[in-house]
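Asks: The region 'Disordered' feature in TrEMBL is assigned to 16-42, 539-571. Marked as compositional bias 'Low complexity' by TrEMBL: 27-42. Residues or ranges marked as domain 'Major facilitator superfamily (MFS) profile' in TrEMBL: 72-537. The transmembrane segment annotation in TrEMBL covers 154-175, 187-206, 212-232, 244-264, 276-294, 367-384, 396-417, 424-444, 456-474, 486-506, 512-532. The compositional bias 'Basic and acidic residues' annotation in TrEMBL covers 562-571.
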Amino acid sequence: MQHGLYTFNLRAAKSKGQRTQAARAPTPVSMSMDDDTTTTPLLTSHKVKPAKLPPSIDDMIEACIGDTGAVQLLRAVFVAFAWAFDAQQVFISVFTDAEPRWNCAGSAGGNSSCTLAAAAAAPCALPGGGTWVWDRPARTSVVSEWALQCAGPALVSLPASSFFAGCLAGGFLLTTLADSRLGRKKTLLASLVSMSAAGVLTALVPNVWAYAALRFVSGFARSVVGTCTLVLSTELVGRRWRDVVSVAAFFCYAVGFLSLPALAFALREASWRSMYFWMSAPCLCYAALLYFLAQESPRWLLVRGRTQEAVETLRQISSLNGSSSTTTTSLSTLDACSMREEAGASGGGVFDTLRMMSERPWANRRLAAIMVAAFGVGMVYFGMPLSVGSLGPNLYLSTTYNALAEVPSAVLSWLLIARADRRASVVALAASAGACSLACAAIPRGAGAARMAAELVSFFATCTAYDLILIYAIELFPTSVRNSAVGLVRQAMVLGGVAAPVLVALGRERSIWSFGVFGLAIGGAGIFAACLPETRGKTMSDTMEEEERNEASCTSTTPMAKHSDSDRDLV
């Protein structure tokens, strides 16, 4: 009896083991209905474990320089200081090209013709013979030195428009160099040196035509300074410090803008040529220091397949941070992160990055929307400081107010970057700037204080939108095309700046042509930012393929979650 029970238990154990193995085995191709010893699961899992992807460039960079030290952070901020010289070149014409004030000369003050002309504010209508004089020496302004007061708005605005036209041309021709052949550092150095050399030569021009030509050259060279500075400085630090470095660049821009009225006031009795010399010479010294202190972007080196240089750069940065993580990173691991195929390291052309963006509809949609928004913001950003001369009698004080608006704007940009959505912030700021600019056009000219207040609020909102759009553009595009994309966005801003000097010249008689057009442009263009995807909290992609995968994973998260819930309910 005990033997029979033992045999029965043994057979039952074997049968149980067979059923357990069958349950763990995959679903068989064919199964007999009479076989009661095989058990097939009613529901098999549809989830497939994804293949493990190689580490991205962002992961490798973060592992090496994530804990950014004080020395490396200061180096990145030093790179960002190039924005100070960029601001000086952009707004220097506010003082050098301003039309000075004038009055009747000596005993001519009682002359009826001088009085009538003074009432019309048109000194060119006065007869010759010294019936009127400039308040300051003629050499203090381009307008007074070359007698352009009666030349018309087209010729008066030609130098400033030529500068922005040069920025536009240089942006389309030079922006891709930082992504393709030269890299961020070399492109920035070449631009700074060329911009400074053109500024020094501008101090020697004999007439307005040569002046406009050199302003075009200066704008052409300056076109990529801001883009390379922002991209390089943010790529030299870890993810935690990117927002800090970006805001530091905005503060540096404010410092450069603030230095203009101070220097112009100090040189108010000197020639306008002195302004160009003292703005350009320090920039040459800064470029020399930048050559020795700044590193090339390790991200760009890895994307271009220059792994050995990237390892050396990461080792330098890691040593400055007090870490030895780079020394333990193998060359093969970093080589796996390099994307030679996409970047075209072995033979890609200068415009290869533009081709990569044009082949992808999502990139075209993003680029078109943000460029339209940038156009309206740029028109107001570059046009407002040029028009402050019509708002108050003191040009230095009015410009100082506008420059000071950059400081709280940078603080607000930092807060919005950390805590608010990019898309909603840009739309709201553009709408606010447009409303205040239209209010400035509607307020009578006699109410100078009210018009100045409306202009300052409009410029403050525009400055903040300007900063946010640049950060937004950096986050919208991957490393392989980032510099080119941000460069195109900046050129859209500059394109708006090309039309600004003409509008400002027309607006001296009727404000609707300046502040009215500014308000409509920025308010309408800002709506296009609503078409862009939100990027707050997302990691920066390295390649176009990685950006597409990230976008696909974001759009498929909700449906997958619902699918999983229904599966659990079914089980």
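Heads up, residue numbers simply count up from 1 along the chain you see.
Glycine too: its Cβ is placed from the backbone N, Cα and C atoms.
Those TrEMBL annotations? Automatic predictions, nothing curated.
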Asks: Check the transmembrane segment (396-417) against the transmembrane segment (244-264) for contact, please; criterion is three or more CB pairs under 8 Å, pairs 6 or more apart in sequence.
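Replies: Since 3 or more Cβ pairs under 8 Å link them, the transmembrane segment (396-417) and the transmembrane segment (244-264) do come into contact.
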Asks: Between the stretches 212-232, 276-294, 367-384, 486-506, 512-532, which wins on the count of C-beta pairs under 8 angstroms to the transmembrane segment (456-474)?
Replies: 367-384
Asks: Excluding the flanking five residues on each side, which residues at least 6 beyond the ends of the transmembrane segment (367-384) place their CB within less than 8 Å of a CB in that stretch?
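Replies: For the transmembrane segment (367-384), the sequence-distant neighbours (Cβ-Cβ under 8 Å, at least 6 residues beyond its ends) are 90, 164, 357, 402, 426, 430, 433, 437, 455, 458-459, 462-463, 465-466, 469, 472-473, 476, 485, 488-490, 492-497, 499-501, 503-504, 514, 517-519, 521-526, 528-529, 531-532.
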Asks: Quickly jot the same-chain residues contacting the transmembrane segment (424-444) by Cβ under 8 Å, restricted to those at least six beyond its ends, or write none.
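Replies: Same-chain residues near the transmembrane segment (424-444) but 6 or more away: 373, 376-377, 380, 384, 416, 450-451, 454-455, 457-459, 461-462, 464-465, 468-469, 472, 511-512, 514-516, 518-527, 529-530.
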Asks: Taking the domain 'Major facilitator superfamily (MFS) profile' (72-537) alone, what is its mean pLDDT?
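Replies: Here the predicted model's pLDDT, averaged over the domain 'Major facilitator superfamily (MFS) profile' (72-537), is 82.
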Asks: How about long-range neighbours of the transmembrane segment (486-506): same chain, 6 or more residues beyond its ends, C-beta under 8 Å?
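Replies: Residues 153-154, 156-157, 160-161, 164-165, 167-168, 171-172, 174-176, 178, 223-224, 226-227, 230-231, 367, 370-372, 374-383, 386-387, 466, 469-470, 473-474, 477, 513-514, 517-518, 521 contact the transmembrane segment (486-506) from elsewhere in the chain.
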